[in-house]
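Take a look at the structure below.
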Amino acid sequence: MKYFGTDGVRGVANQELTPELAFKVGRFGGYVLTQHADSQNAHPQVLVARDTRISGELLENALVAGLLSVGIEVLRLGVITTPAVAYLVRTQGAAAGVMITASHNPVEYNGIKYFGNDGYKLSDEMEEEIEALLDAPTDDLPRPTTDGLGTVEDYSEGSQKYIQFLEQTIADDLDGLHIAVDSANGSTSGLVSRLYADLNLDFDTIATTPNGLNINDQVGSTHPEQLQKFVVDQGAAIGLAFDGDGDRCIAVDEEGHLVDGDKIMYICGKYMAEHGRLKKDTIVTTVMSNLGMYKAMEAHDLQSVKTKVGDRYVVEEMRKSGYNLGGEQSGHIVFLDFNTTGDGLLTSLQLLHILKVTGKKLSELAADVKTYPQKLVNVKVSDKQAALTNPQVQAMIATVEKEMNGDGRVLVRPSGTEPLLRVMAEAPTEETVAAYVGRIADVVRAEVGVE
């Protein structure tokens, strides 16, 4: 697939992801949806939303025009989070949802991401049908006039429905907690005060004033430094940072220390298991989750299943094997009992609920996970697969793993997009991990590296 990456169509807005391309993605996507719709409904309904970047309206208007040209009934949600779209598609009974976002990426990027009617990403088959139309030399799709055209209306109550849904995922309110919030000047900016005020939280915010250009700019889950200072300055019990489209959440404890997605998954998984709510006592993680998390899980009889890097692989494994908690170190955490995708606000409520009912500080809850120093080195290679199977490389990995003796781990994997081999290790100290990675990377360079 050349247009749809793991997260839909992405690129620099108005240069790679042009309004012309957005129009086609709307038109061809809408057409494929009408082909798959049941016969009673001549005008399938599609929800459209965006994050706060300046290019959002440009792309939204082009995309909506494309959808209308093939008879789609469009409901515009305005600025809202990606997981809100996934939730509303299911509960609204729409044929699909479209989110215009580039998530945690810089402001000049944007993307178009489709959700199917079940709230999961579109099936590969449907994406391939859309791609085939995008690649066709001519556009031979019908061009209806009058009653064959679609209509568009604003669906402003969508965000209220989503907030009500979130509030119902925990048993009681959260009064007595003082929290600090960083909305990354993104999609959660307009939702946090309504949600947290409803739950009687005492909250202070930063980065909740989007201006179209400041999304993710030195704020949010990928830049938590401001929040770490803010938590300590405000004397908050916890800090919560979201990313641009609100599908990630990471936390900061009362001392200003980072509590990443691994630690949040562990805290939530342990609590769910204690209350008989963690299916198969298992958390689904990616290969990048830290060894410290696995050690803490083992100590409390929790199982783990590892997938490739990417939240879509986590969700696939959860659906296939019947698990209900999974996620990534980056803060993409999926509570499949409640929503079909990573949901930052949902994650924040589950964590705050645990904080309130246990009466423990976040630093105490996170203390079980001793994060191992991690080092990653990229080595340029001519052939990724040959590099992986090279006997010398294999031998050095085996030697290092033997020396680690269970107190460390090695992960060597090809980059998904570049001619690189990624050499990663975790070990108890910065010095040892650097030495281990250095030894493996040296052998990779000597055997199969290119300058």
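Backbone N, Cα and C atoms are what each Cβ position is placed from, and that goes for glycine too.
Note that the structure is a prediction, hence the values are computed from the model and not measured.
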Asp243, Asp245, Asp247 show up in Swiss-Prot as binding Mg(2+); which entry in Ser103, Ser382, Ser415 does that record put in the same site?
Ser103
If you draw a 10 Å sphere on the Cβ of Ser103 (Mg(2+) binding site), how many other Cβ atoms land inside?
28
Those residues of the chain, 6+ apart, with a Cβ under 8 Å from that of Asp245 (Mg(2+) binding site):
Asp51, Thr81, Thr82, Met99, Thr101, Ser103, His104, Gly186, Ser187
Inside 8 A of the center formed by the CB atoms of Ser103, Asp243, Asp245, Asp247, which other residues of the chain have their CB, for the recorded Mg(2+) site?
Asp51, Thr81, Thr82, Thr101, His104, Gly186, Ser187, Phe242, Gly244, Gly246, Arg248, Gly342, Gly344
Tally every other Cβ atom lying within 10 Å of the Cβ atom of Asp243 (Mg(2+) binding site).
34
